[in-house]
Ligand SMILES: Nc1nc2c(ncn2[C@@H]2O[C@H](COP(=O)(O)OP(=O)(O)OP(=O)(O)O)[C@@H](O)[C@H]2O)c(=O)[nH]1
Ligand SMILES: [Mg+2]
């Protein structure tokens, strides 16, 4: 029994979050270990210099973070590069009080940034030791580290990792981590396959090197054994010669016993290294091979932060090449440069509403809510329109807020936007759910009315929204948003932060604006904007020029080539970024544009093949693989194609590189339920692939929501366990939960499925779990999570449903909630506890 409980507990701890791997880098004595300890809440720990690394597990919202704190002494820094393939992002720590080492720190960071595996990975910088009088502020650390030209997404947080006695942990540490996780979250869909594939490629490379080393050692040992044998034989012959002399040439029979004493041929194997080769690896390498394995010193800290937003899978792309459909309520498109006919509004999942309909977003998400909202707008309903709160109470579920608000804003459903805003703005803050975000999404869709409403919610930051409008080809709306900013500035209101940081912000925003215009507007508009906002100097900064030209190359406007040529004449270079941009376009344009660019001397690299893999452009991949100057990682391309369901690309790569492993592709095809691709992969894997069909693969499949996929995997003998329930609950798939129970999948005793439903505030899933008889898990765990994150009505429901309560833990979570976030809700919940 104890074993069962302890298994449940272990399982509960092993939450099925998305995983991120981070490395903490920085010079020795910068405070890396102290920062990691502080984030874990271990503020009293004294640190000693780190040799090798420490690893810790953290939680931030839905993410499980494996953090590797590496030693920063000069002699150890060379091993940093071994970790970079396997990390999603890095935390770089600087001792802000030690200006004498800024230059050394800059160089160390520069080396990291130049590593091929660091491309597009976010970087969080902590300017540590702000308690010391000599500490430089964040802006000074930025310029001393040379971050102003850094192409990776980055942010700097000043902090004090080592608090004075009795003081709480510096909140900026968590804030920084939250920023970093948010940045990774935004690109997780593309970054994660790359990280997995790069990690796999590096592991394979190391495996090959290990085998080569073993082979070398084996040969050396064989050679030594052969020499020994020869020496023995020679000695034996010499003995025989001696005997012959003594016995008158009749000592030949003596040879036999001597030869038998030499080691028999198979005895050589005794000298070979064991199959795992452990004894032949240098100790240092063994240490760092541990990166991908379960490592010691793993410390779990409970996830106390709100879940992060999920990727906007529902939102349609804004950059497809289809001609624009002019939505009602949008400003007339620009007449200049042929922009008007091509300024694409998003090919929305939902059309604009008639009357006061709620956003008809993803049915799975909105189903029950939608009917309540429809009632809300029905004039014949004698009971009158219920308030949003009443509707939510009646239905018992919130739509997944970020998805629905995005869809409503992009498609111009003003009333739905207002309704959703009213409902969510009182909730705890949530990454991505901001007025600025709504404005930007609405601007991207050219939705003027929604923009006007959103401008009442926030009035300062409109350049990003203007850029989104430009990207969608909505030039008049873009102008309007830019002028709004001007008016605000003239009116004396503060625009953005002060000083250096403000200047950097403006530079970044204008670069973003021009890049968006290069994508979505015609040449005439681009030229006009360039004149007003473009760089003053003759030669634009390289990164700026590269990005803007790449945007023009991948543009949906018919005059894309004219834009590229015009930008080239302004000093913007043709680069690998442009090649990658066009390689990911729909098939015919991709090849045509890539050849056009290459004919003008445009370089290309592996990223173009990855982009082509993501778009399913097999012929572009085949072309790139033939090019002498392009290094294509077939494994990475294959992984990307698999996650996007491009079976033909997998087939092509499999023919070109028959030895490519398939397991990674299998893992990546599962979350989006790419059924055809999966069927092909399973076929190819055949009997030998049975090992890949484990319970974690099934867990991931449960998160896809596809019962068909689950059926397919079970047919092929895939293993399953209780984690599947948790994953299905996390993504709100009631149908999958029902299916699992009906088929007899072992139900977990961890309570984790409830915890996910609580994070998502998904009452229907909570009800479903209760109906299926899912156990609550270790006493009080589920309730405590609810007390920390849920609205009062969910807590009330849990009490009614008989959820076990650990009163002490609940009160502690409530106190924290009251202090950090929403005190009134905490108070309401406290009154329920009596
Ligand atoms: N005053 C002050 N001291 C700090 C702060 N953070 C860390 N320290 C101290 O700085 C020293 C080095 O901290 P560590 O965390 O061990 O540094 P590290 O970056 O991990 O160093 P290596 O492991 O050698 O690479 C320790 O004495 C810490 O107590 C801070 O915010 N303020
Ligand atoms: Mg350390």
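Using N, Cα and C of the backbone, Cβ positions are placed for all residues, glycine too.
Any TrEMBL annotation is an automated prediction that lacks curation.
These figures come from a predicted structure and were not determined experimentally.
When the candidates 72, 75, 166, 176 are compared with the GTP site entry in TrEMBL, which names 26, 27, 28, 29, 30, 31, 32, 33, 128, 129, 130, 131, the shared residue is 72.
Looking up the ranges 97-116, 137-156, 177-196, 257-276 in TrEMBL, the one annotated as region 'Disordered' turns out to be 257-276. Checked against ligand 2, the binding-site residues 28, 32, 33, 50 give 32, 33, 50 in sequence order as having a Cβ less than 6 Å away from one of its atoms. Note on residue 26 (GTP binding site): other Cβ atoms within 10 Å of its Cβ, all shown chains, come to 27. Of all Cα pairs drawn from 26, 27, 28, 29, 30, 31, 32, 33, 72, 128, 129, 130, 131, which the record names as binding GTP, the longest spans 22 Å.
Cα spacing between residue 26 (GTP binding site) and residue 50 (Mg(2+) binding site): 12 Å, rounded to the nearest whole number. Counting only the Cα atoms, the space from residue 129 (GTP binding site) to residue 33 (Mg(2+) binding site) is about 13 angstrom. Neighbours of residue 33 (Mg(2+) binding site), defined as other CB atoms within 10 A of its CB across all chains, total 24. If you draw a 10 Å sphere around the CB of residue 72 (GTP binding site), it holds 24 other CB atoms from the protein chains shown. Cα spacing between residue 32 (GTP binding site) and residue 50 (Mg(2+) binding site): 9 Å, rounded to the nearest whole number. The Cβ neighbour count for residue 32 (GTP binding site), using a 10 Å radius and every protein chain shown, is 30.
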